[in-house]
Amino acid sequence: MTIWQTVARNALHLLGALALVVVALAVGHFLPTHQVVIVAIVVASVVFTLGLTDPALMCLICTPLFLLVSRVGGPDTSLTASDLALGLCVAPAFVAGARPLTPPMRSLLWLSALYQAAASLTVVANPYPANLVEWFHSWMLVSGALLVGWVLGRHGRAAMAAKLLLGTGVLLALFVIGSALVNYSRGDFGPIYTGAPLPMNKNFSGPVLSMLAVVAYARPPWLKLPESAAIACFWLYVAAIGASQSRQAVVGLAVGLLILVFRRGQHVRRSQLIVLAAVPAVAVLSVLVRDQLTSTNEFNSANQRLHWYQGALDVWVANPWFGAGLRWWYTDRYPKFQPPNAELEVLSSVGALGLICFLIWVGGTLRTVTRMNPLFGTVALAVLANRFAATQFDIFWVSPLSSVPFLIAGIALGAEANAEQRLLPNTEGPERAAADRRTVPAGA
């Protein structure tokens with residue numbers, strides 16, 4: 001037994017004992033007046049216990065929730081269903097997930113830690129509770145999602161997890177298209193903002209479906225998805241993106257498709273004709289933005305963004321080194337607007353030092369996945385590039401849009417490690433001879 005396995009076993013025992021104590025205290029406190037809360041606690045306890053015994057199964061069950069932005073709890077909570085799923089899965093994934101981590105996985109975690117270290121300075125310089133909470137939250141969105149994805153891929157559940165994501169995306173896309181048809185029947189041809197049971201604005205539905213469209217179009221061999229199903233999913237997502245009228249989603253999708261079309265070594269044939277559709281779409285968006293900038297309407301989308309850009313720079317000038325704090329627009333110190341650009345968001349929030357580390361993190365992350373086996377790394381590269389490109393026109397740190405690309409990247413990293421492990425001989429039991437003859441199949 002390795003040192004890590006010993007530590008993990010002891011940690012499992014400690015977490016189990018701690019969970020029992022917490023559940024007992026919670027049941028005793030809420031039982032007289034909150035029976036519904038008791039049921040929720042018991043269900044959460046069962047799920048958490050399952051995660052400690054089989055973290056991959058736990059993460060797989062929660063996979064569809066990673067795409068849901070619906071709020072959980074009362075009106076005062078800021079917890080999304082995606083955050084809840086991530087919170088339930090991270091501890092079991094960290095404690096009971098397969099080890100050792102591969103060098104690319106460790107690199108991504110260290111790069112994330114570098115940015116978080118720089119961001120911690122703004123937590124010290126701007127001591128308010130939401131700042132500290134968001135600092136932990138942003139770390140969870142990246143490193144937590146990577147670990148959950150790693151467990152899914154490393155434990156052999158990459159294909160099923162990816163299919164669950166694509167299937168959930170189909171439901172979201174159908175809901176967006178259905179809402180659009182209802183609006184069109186009323187003569188409303190504006191952007192789509194869906195209602196219950198799946199409330200989504202265009203800046204969520206468009207980007208998340210854009211990332212899933214990249215996965216469907218990539219169709220890596222380990223996904224084990226028929227070509228016809230992948231193509232159907234792709235065009236359904238594209239239709240929903242068009243209905244949402246999310247411009248950043250179109251830009252992100254174009255970047256992801258360009259990577260998929262021109263990168264070699266994927267063992268999947270793709271027509272370059274898709275570029276003929278992607279490039280004109282971006283060109284049309286450029287013309288629309290140019291027309292808005294020359295318009296006398298100062299409240300249209302493009303001109304409003306220019307005002308927000310200047311406002312974000314004004315906030316940064318007042319706090320050049322450490323920024324105004326994470327989510328400063330929710331405080332009473334500054335105007336309540338969100339910087340519609342990743343770099344301006346980071347610059348105004350964590351200052352110049354934080355922006356430098358953020359850019360190092362982004363560049364290092366893309367470089368790391370670029371050096372992976374293209375069979376696994378290309379889809380991770382395309383999805384991450386999709387997200388980084390889209391956030392040139394919107395906020396970066398937002399759940400679940402920040403966690404989904406790293407969840408997918410983690411799945412790809414874990415799938416690569418699982419495939420490499422299957423090439424190695426099994427050192428235990430009578431299966432060693434069979435393992436010696438085993439190779440990674442095309443669908444691994």
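Just so you know, glycine gets a Cβ as well, placed from its N, Cα and C.
Bear in mind that TrEMBL entries carry predicted annotations, made automatically and left uncurated.
Keep in mind it's a predicted model, so treat the numbers as computed, not measured.
Feature annotation from TrEMBL assigns transmembrane segment to 12-31 (among others).
TrEMBL lists 38-67 (among others) with the feature transmembrane segment.
Positions annotated as transmembrane segment by TrEMBL: 108-129 (among others).
Per TrEMBL, the feature transmembrane segment maps to 135-152 (among others).
As annotated by TrEMBL, transmembrane segment applies to 164-184 (among others).
Here TrEMBL flags 233-358 as domain 'O-antigen ligase-related'.
Per TrEMBL, the feature transmembrane segment maps to 234-261 (among others).
TrEMBL lists 273-290 (among others) with the feature transmembrane segment.
The annotation transmembrane segment is assigned in TrEMBL to 346-366 (among others).
Residues or ranges marked as transmembrane segment by TrEMBL: 373-389 (among others).
The annotation transmembrane segment is assigned in TrEMBL to 395-415 (among others). Among residues of the same chain six or more beyond the transmembrane segment (395-415), those with a C-beta under 8 A of the stretch's C-beta atoms are 66-69, 80, 82-83, 86, 98, 102, 104-105, 108, 134, 137-138, 140-142, 144-155, 158, 161-162, 165, 204, 207-208, 211, 215, 220, 222, 326, 338-340, 342, 345-346, 369, 372, 376-377, 379-380, 383-384, 386-387, 444.
At the 8 Å Cβ threshold, with sequence separation of at least 6, the transmembrane segment (373-389) lacks contact with the transmembrane segment (164-184), having fewer than 3 such pairs. Remote same-chain residues near the transmembrane segment (135-152) are listed as 55-56, 59-60, 63, 66, 83, 86-87, 89-90, 93-94, 97-98, 101, 105, 108-109, 112-113, 116, 119-120, 123, 158, 161, 326, 397, 399-400, 402-404, 406-414, 417 (criterion: CB distance under 8 Å, separation of at least six residues from the stretch ends). Over the domain 'O-antigen ligase-related' (233-358), the average per-residue pLDDT in this prediction is 85. The list of residues near the transmembrane segment (164-184) in space but at least 6 beyond its ends in sequence, with Cβ under 8 angstroms from a Cβ of it, reads 60, 63-64, 66-68, 190, 192-195, 198, 200, 205, 208-209, 212, 215-216, 225, 233, 236-237, 239-240, 243-244, 404, 407-408.
Sequence-distant contacts of the transmembrane segment (234-261) (same chain, at least 6 residues past either end, Cβ-Cβ under 8 Å): 169-170, 172-174, 176-177, 179-180, 190-192, 202-203, 205-207, 209-214, 216-218, 270, 272, 274-275, 278-279, 281-282, 285, 288-289, 378-379, 381-383, 385-387, 389-394.
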